[in-house]
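S.K.: Would you mind keeping the following structure in view while I ask a few things?
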Amino acid sequence: MTASLNLAQQDAVNHLRGPCLVLAGAGSGKTRVITHKIARLIQTGVEGKRIAAITFTNKAAAEMRERARALVGKAAGDVLICTFHALGVRLLREDGAVLGLKAQFSILDSDDVLGLIKDCGATTDAATARQWQWAISRWKNAGLDAAAAQAQATSEGERQTALLMARYQERLAAYQSVDFDDLIGLPLRMLQNHEHISQKWRARLAHVLVDEYQDTNATQYELMKLLVGAQGSFTAVGDDDQSIYGWRGATLDNLKRLPLDYPKLKIIKLEQNYRSTSAILRAANNVIGPNPKLFPKTLYSELGEGEPVRVVDSDHEAHEAERAVARIQSLRQTSPHKEWRDFALLYRANHQARVFEQALRRAQIPYKVSGGQSFFDRAEIKDLCAWLRLWINEDDDPAFLRAVTTPKRGIGHQTLGALGEFAARYKLSLFGALFSHSLGAALPARAVGSLHEFGRDLNDQRHRAQHTVGHEAARTFLTDWLKAIGYEKHLYDSSDSEGQAAARWTNVLEFCDWMAGRCGGQIDDAAGVTTSTERKTLLEVAQTISLISTLNEREQDPNVVTLSTLHAAKGLEWPHVVLAGVIEGMLPFRPDEDADAAVQAARIEEERRLMYVGITRAQRTLAVSWTRRRKKGREIVAAQPSRFIAEMALDRSTTREDPREKLKALRAEFARRAAPMAAGDGPSTIEK
Ligand code: ATP
Ligand code: MG
């Protein structure tokens, strides 16, 4: 099994006891080390359930599970392979009672949190609320609770935000709900304050493996430390050049602290890149070159020089999208074996996806958008999930408010406002308040009647969902349920056009179909093959879905082109990659002119790492594209190619050339090309 590993990788895989850090550049097989180490641990007799492997996304977890299964078969099924957040869910569901959380707590997504923060701060202004949300999140990620945030506040504004945080936390507790950051912070507090629980988990886990270690934040590191104990039986793998979540609290300090906190730490470096051609790797090394080095690293590839990296220029975004799609089509045609899944289009920000989606649709090329709006983020799916969440946790107030008003059932804001006040006075959840005897004194009888009806419907649904097993019964139930709540009519009443309503209704049906499929039983697929899967109740399925919908897990990759933000592309690879929108102001992102020089320099470093991550996703070919004009608000303004494009082409190995001169010349060349020109003009690496 270790035959497919180089010596340094084998070293890492065979270091079974004690702390181990694999520090290496992109595509050098760090993730492969983790997968093989899981297999190795199992082969040496460690039970799968005593191994935890932590990945950055749910998708990466699913992929790792597949690979581990391919290596050691069924035993890999017991390994806890998940994100830090999902691990947090596991810890809290099992032991969260000591924090006053019931096992069926709810997880609020970012929109729910924003709504709640607006409520707590008595504002309707989304921008202000978002700022508060960010501040609270940063505090939580730094391990501060409201009191600690209050204590270290340096301005009146911060003090007010800390007060708001305290109110927000109270509400979360009352709702039996947690936010994303709590999924790390609360388990950490639980392990810190309850020695018997941390002992239990330490005894249970024989080895913890962490992928993308450079992007862990302070609380995640503390959590890891508590889980692995002082001796530290863990393997962390990472690359300081790929740290791109600084804005979310990730800190390279975690890398620096590791050798100090674990003096016995074995550090292993990997130097061979198995992913990309030399041309691609050189471009990547050139871009990351100017960043200060935390650890010196070298990276080489034996896959040959390969195609030169292409730089593609276009007039504007739609033009850029057309050219990118044309490139995909022509690459696919030149080799009949290329699959759609071999291509990825990467960009900085979610909103850039739209023009590419349109161009791909026009060309009838199948695609998926990852890292952007997922299926589960669509309003109609979130509506339905609100009901599912209530089946699971009736105290989930944000879900209650969404379900009771979507579709409308004649329960208005006044009624809900009064119910809210009543609930707050008696420290009850909204659902808890619903059947309270004294509610009649606070609300007119008709309103109480409507609320009771809603509550009874919900109880009835939950009861039926609990006894609905297998996909056929589930499908019948779901069809009846949609009819009963009048969801289709609601969509037609609330959408902008019939077309939009129809598209949303299709999503709803697709969702229900998928959910029913998960209830198992005998399933006939389109090809007439019958498979039998484990039968589950609809309520069990709803429970996993309400978690998935917030943690955003995906099904296995179908054969489609990937559209993804650079952040969401981390750790992944594709034979052919187009990096789009590589212009100044986008990548690097427009500088914050108010920030001081040191902050600005640090930002550029992170942007550089982001570009490095983008380039190193490509295996065989890479095109980097930029536009001469771009939208800025409602205006169209002139755009410049990113400085990274010029740097990419620099050859730092030849001393004859002064890099600054070359950079200047390249800039001038790009500026010249920014003017209209004749076909066939320009250096050979610029595609026409
Ligand atoms: P990133 O920094 O982008 O996360 P990584 O260091 O985790 O990259 P992997 O994704 O593990 O790298 O590996 C990159 C590619 O190289 C994968 O396709 C992997 O299968 C392949 N690879 C890694 N090690 C070897 C090896 N020893 N022999 C052959 N192929 C390898
Ligand atoms: Mg990796």
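FYI, residue positions are counted from 1 along the chain as it appears here.
For all residues, glycine too, the Cβ spot is worked out from N, Cα and C.
TrEMBL annotations: computationally assigned, not manually curated.
Pasting the feature list from TrEMBL:
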- ALA24, GLY25, ALA26, GLY27, SER28, GLY29, LYS30, THR31, ARG275: ATP binding site (BINDING)
- 3-277: domain 'UvrD-like helicase ATP-binding' (DOMAIN)
- 278-571: domain 'UvrD-like helicase C-terminal' (DOMAIN)
S.K.: Enumerate same-chain residues with a sequence separation of six or more from ALA26 (ATP binding site) and a Cβ-Cβ distance below 8 A; give 'none' if the list is empty.
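M.R.: Those within reach of ALA26 (ATP binding site), by Cβ under 8 Å and sequence separation of 6 or more, are ASP239, ASP241, GLN242, ASN273, ARG275, SER276, ALA284, LEU299, TYR612, VAL613, THR616.
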S.K.: Which residues, same chain and not among ALA24, GLY25, ALA26, GLY27, SER28, GLY29, LYS30, THR31, ARG275, have a CB within 8 angstroms of the centroid of the CB atoms at the recorded ATP site?
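M.R.: Leaving out the recorded residues gives ASP239, LEU270, ASN273, TYR274.
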S.K.: Specify the secondary structure state of LYS30 (ATP binding site) as given by DSSP, simplified to three classes.
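M.R.: The three-state answer is helix.
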S.K.: Between LYS30, ARG275, which of the binding-site residues has the fewest other CB atoms within 10 angstroms in the structure shown?
M.R.: ARG275
S.K.: In sequence order, which residues at least six apart in the same chain have a CB under 8 Å from the CB of SER28 (ATP binding site)?
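M.R.: The answer is LEU270, GLU271, GLN272, ASN273, TYR274, LEU299.
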S.K.: Just to be sure I understand the packing, how many Cβ atoms besides its own are within 10 Å of the Cβ of ALA24 (ATP binding site)?
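M.R.: A 10 Å sphere around the Cβ of ALA24 (ATP binding site) contains 26 other Cβ atoms.
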